[in-house]
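J.: The structure that follows is given in the form of structure tokens.
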Amino acid sequence: MAKRKHHHLISLLFFFLLTIPVYSRLTPSAIIREPLSLHLGRLLKSDGVESACEQTYGFLPCTETVLGNLFLILVYGFLMFKAATFLSSGSELMLEILGPGIVGGLFLPILGALPDALLILASGLSGSRETAQSQVLVGMGLLAGSTVLLLTLLWGTCVVVGKCDLSENSTSIDSQDTKGFNLTKSGVSTDKQTSDAAKIMGISVLPFIIIQLPKVFKFNSAQRVFVLICLILSVLLVLAYAFYQIFQPWVQKRRLEYVRLKLLMSGILHHFESKFLTKLTKEDGSPDASAISNLFRAIDSDSDKKIARDELHAFLVGVQFEEMGLEKEGAVDQVMEDFDTSDNNLIEEEEFIAGISKWLREARRTVSISDNNSKSFLSDFHQRTRDEHNTLIDREDGEEEVVVNKKWTTIKASLFLLVGTVMAAAFADPLVDTVHNFSQATKIPSFFISFIAMPLATNSSEAVSAIIFASRKKQKTSSLTFSEIYGGVTMNNIMCLAVFLTVVYVRHLTWDFSSEVLIILIAFIVMGFFTSFRTSFPLWTCFVAYLLYPFSIVLVYVLDYKFGWS
């Protein structure tokens, strides 16, 4: 706890240093008060000319140097990442309190796309119409970059991380990964509902097709009318997708099931350490096979080198499963399902060590890097999952959910959402300005900077969560992982596009993004073919996804700067 407080103090001090005034003698007769980052930027500037950049809000630092703008992109990008993290944490808590339905179907998907939407909004609202026309490329870069990133790099990584052996009927075998990197016999599989989510994602690309019709058929005079039509269509698709989520809340329910599993893991690991009075990890935080082996022998009461269901049940006496909203029998079933890879209804020593090690690694990945030390990460993981649920009691489907201390949990969720929203709104505009300044300083088109860098800031939280889900190596969690990716792309396409079209229409900007729309369509055509009509993805499919990312960047460059599309 002390280390975490120290980390937060360093972060606050780091942010404070951005705006703390320092004195810089520019002339023998004048001393000017300026932010430290601007002072450092001037020192880095090679030509010695005083910066003429405009400070966002009149006080945030700015610079015209390459290194100075790169530094500010990292700072503002980190702050946008933290905003997205706060929104994600608040959304999860709110979902647990109110359950699937209107909140999970309408409110939370909108919050998930909020950082991107605010950045797009900021890219087209600042300055004159000419300035907005140049800066709106940042918004288009973010819009296209987020979609392509999710469908290529993240999708492919989830296939690699979640791969299992494929059976003869191309279905993945849970927790069995003996084929290594065999391109055809190793991979992931999902359920039909996940394919349905991919089909819905395909529908979301419709506005991109319609908006290009005036360019294709040379109806340039009708471009503004088509912008309005696509804006209305995008809003209608947002509402339609929200209603689908409300009346078909299977993705939300599946997410709640996974959170219950995290709570079960944290409770059992905490119980093991407290009852056995030893650490299950080494000094570097990695699983201690020797300690886990000793724990196995303690549970194996008849010393037959196998843990039966009744032995596991007896050892788990004392775990407060009721506080987690779980039953002991269900908890034992879950442990057996996770650990018993040989399907003989017994847990052998090798299976036990592998299962506990997998849980420990997942707990270590779940906690933040600042808390990820060998002495505290497991207790932090347990406390975090308890706080995350706040003793949520999940009952069977159709029954009412009860949350103990609901008032405090609601306040906590609301604070997360408020802080995340304020941070995203506050730092969207300076991040866009900095990207634009960096583009001018380096002569690199702002589209490519925003296409590559900004999606990493706004989608990192969701990407880490998706990779952790995929690492469970279960068909059920793989289905949830890819459903979340497709849902994120869908909201990005319809909600963020609606915001972008609003800016274009209100500011009377020119729609001249043919190459950018083309790469979005190519990503959908290629990945949509895989994801909409099949449920099995051998390992070779990840290379298709990976190659699409650099191909998209090269294609935009060739079309815009060799063939003059824009």
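Placement of Cβ uses the backbone N, Cα and C atoms for every residue, glycine included.
Predicted automatically and left uncurated, TrEMBL annotations should be read as such.
Annotations per TrEMBL:
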- 1-24: signal peptide (SIGNAL)
- 66-85: transmembrane segment (TRANSMEM)
- 97-122: transmembrane segment (TRANSMEM)
- 142-162: transmembrane segment (TRANSMEM)
- 225-247: transmembrane segment (TRANSMEM)
- 287-322: domain 'EF-hand' (DOMAIN)
- 327-362: domain 'EF-hand' (DOMAIN)
- 415-432: transmembrane segment (TRANSMEM)
- 444-470: transmembrane segment (TRANSMEM)
- 482-507: transmembrane segment (TRANSMEM)
- 513-530: transmembrane segment (TRANSMEM)
- 537-559: transmembrane segment (TRANSMEM)
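Could you place these features in context, so I can see how deep they sit and what lies close by?
T.: Residues of the same chain lying 6 or more positions beyond the ends of the domain 'EF-hand' (287-322) and with a Cβ under 8 Å from any Cβ of it are 264, 267-268, 271-272, 275-276, 278-281, 328-329, 331-332, 335-336, 345-349, 352-353, 356-357, 360-361.
Residues of the same chain lying 6 or more positions beyond the ends of the domain 'EF-hand' (327-362) and with a Cβ under 8 Å from any Cβ of it are 175-176, 261, 264-265, 268-269, 272, 280-281, 287, 289, 292-293, 295-296, 305-309, 312-313, 316, 319, 321, 378, 468, 471-472.
For the transmembrane segment (415-432), the list of distant contacts is 56-57, 60, 72-73, 76-77, 79-80, 82-91, 93-94, 111, 114-115, 118-119, 121-123, 126, 135, 138-139, 454, 457: same-chain residues at least six beyond its ends, Cβ to Cβ under 8 Å.
Residues 73, 77-78, 80-81, 84-85, 88, 112, 115-116, 119, 134-135, 137-142, 144-146, 148-150, 154, 157-159, 161-162, 188, 258, 362, 365-366, 431, 435-436, 438, 477-478, 480-481, 484-485, 488, 516, 553, 556-557, 560-561 of the same chain lie 6 or more positions beyond the ends of the transmembrane segment (444-470) yet place their CB under 8 Å from a CB of it.
Here the transmembrane segment (513-530) has Cβ contacts under 8 Å with residues 140-141, 143-144, 147-148, 151-152, 155, 198, 201-202, 205, 208-209, 211-212, 215, 447, 493, 537, 541, 544-545, 548, 551-552, 555-556, 559-560, 565-566 of the same chain, all six or more residues outside its ends.
Only residues 6 or more beyond the boundaries of the transmembrane segment (537-559), in the same chain, are considered here, and those with a CB under 8 A from a CB of the stretch are 144, 148-149, 151-153, 155-157, 159-160, 163, 166, 170, 181-190, 447-448, 451-452, 514-516, 518-519, 522-523, 526-527, 530, 565-566.
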J.: Counting only residues 6 or more past its boundaries, what in the same chain has a CB within less than 8 Å of a CB in the transmembrane segment (482-507)?
T.: 109-110, 112-113, 116-117, 120-121, 123-125, 129, 132, 136, 139-140, 142-143, 146-147, 150-151, 154-155, 158, 190, 193-194, 197-198, 200-201, 204-205, 207-208, 211, 224, 227-228, 230-231, 234-235, 237-238, 241, 251, 254-255, 459, 462, 465-466, 469, 520, 531
J.: Within the domain 'EF-hand' (327-362), count helix residues (DSSP H, G, I), strand residues (E, B) and coil residues, in that order.
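T.: Taking each residue of the domain 'EF-hand' (327-362) in turn, the totals are 26 helix, 2 strand, 8 coil.
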J.: Pull the DSSP breakdown for the domain 'EF-hand' (287-322) and write it out as helix, strand, coil residue counts.
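T.: Secondary-structure breakdown of the domain 'EF-hand' (287-322): 20 helix, 3 strand, 13 coil.
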